[in-house]
Amino acid sequence: MQKLQIYVYIYLFMLIVAGPVDLNENSEQKENVEKEGLCNACMWRQNTKSSRLEAIKIQILSKLRLETAPNISKDAIRQLLPKAPPLRELIDQYDVQRDDSSDGSLEDDDYHATTETIITMPTESDLLMQVEGKPKCCFFKFSSKIQYNKVVKAQLWIYLRPVKTPTTVFVQILRLIKPMKDGTRYTGIRSLKLDMNPGTGIWQSIDVKTVLQNWLKQPESNLGIEIKALDENGHDLAVTFPGPGEDGLNPFLEVKVTDTPKRSRRDFGLDCDEHSTESRCCRYPLTVDFEAFGWDWIIAPKRYKANYCSGECEFVFLQKYPHTHLVHQANPRGSAGPCCTPTKMSPINMLYFNGKEQIIYGKIPAMVVDRCGCS
């Protein structure tokens, strides 16, 4: 009996000594595993973020059909950027893409950008001739995105220099044509009379939709136009070739084209922040800064929220994806499993210079991740 008590005491002593040591080791091991898991998750998200930024660069150039980023300096942009109402309204009222998570729909849109507004600056043409010793203005080349049956608006914008006294100005827009037998080289497009008050100059818009549509249907008829804005003394107030201090006052065309919406369907996903410990597939914030890229050719936005997807897609959570689950059950070794990918993406509006120094305001599809899921 005494020996039995001794064995019991020894056994209890071993439990007391050994027990806490084992528990501490297990706790430390568990903590180390958790820390290692968090570090791996952070590194994985950082790599995913970097890959997403590089992919965005490639996508933007591809969707705008640009082989390389346009090489336009800040000084050139300052000279080319019109100081005109339509462009200022676009910049002032520009709606940088909001992170709107209230709608759970998945956007189905085209891969290439759908243009809404194109601002075309005048360019030189070998066809233009001098009339009465004055260089002609202006000739416009049009993007292939502009099709005559999709044009909803076309405005010619011209700037009139300021006057010192109240003046009546006669504005005339002439279309250059092939010389006729009687020597006529142009035909009238629009004429209007304006009353100008002393002070600053003014921008005047003129509807040229019909002329533009004719040019698009018959490109060979596009020989250019001549702009005149004569005051009562015969002085031309129209800025056609800007002089000193007249940067941004060139004439230009503002063209609006149609856009066709697409259908959508429902979907849902998780939202996380950079400090989240969530291991499942989740959407994380990511801001794209075009100035950091050195992309001065993008006028607006200078930055936008793009977001990215990261996380695990465990088969145990796949009641929502029965097809993927059945494939895995049928061939567990041959299936790579679902990936955490965007399930809802939305477009951004962008104002930019293209490779031909034209200013384009367009919608670029699938540039913002709104939802993430396993698929």
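Glycine is no exception: its Cβ is also placed from the backbone N, Cα and C atoms.
Note that this is a predicted model, so its numbers are computed, not measured.
In the disulfide annotation of Swiss-Prot, Cys313 is paired with Cys374 out of the candidates Cys42, Cys137, Cys138, Cys374. A disulfide bond in Swiss-Prot ties Cys372 to one cysteine from Cys272, Cys309, and that cysteine is Cys309. Annotated pair Cys281 (disulfide bond) and Cys313 (disulfide bond), C-alpha to C-alpha distance, rounded: 6 Å.
Listed in sequence order, the recorded positions near Cys374 (disulfide bond) (C-alpha within 10 Å of its C-alpha) are Cys340, out of Asn71, Cys272, Cys340.
Among the disulfide-bonded residues Cys281, Cys309, Cys313, Cys340, Cys374, the residue whose Cβ has the fewest other Cβ atoms within 10 Å is Cys313. If you take the Cα of Asn71 (N-linked glycosylation site) and the Cα of Cys309 (disulfide bond), they are about 32 angstrom apart, rounded to a whole number. DSSP assigns Cys372 (disulfide bond) to a strand.
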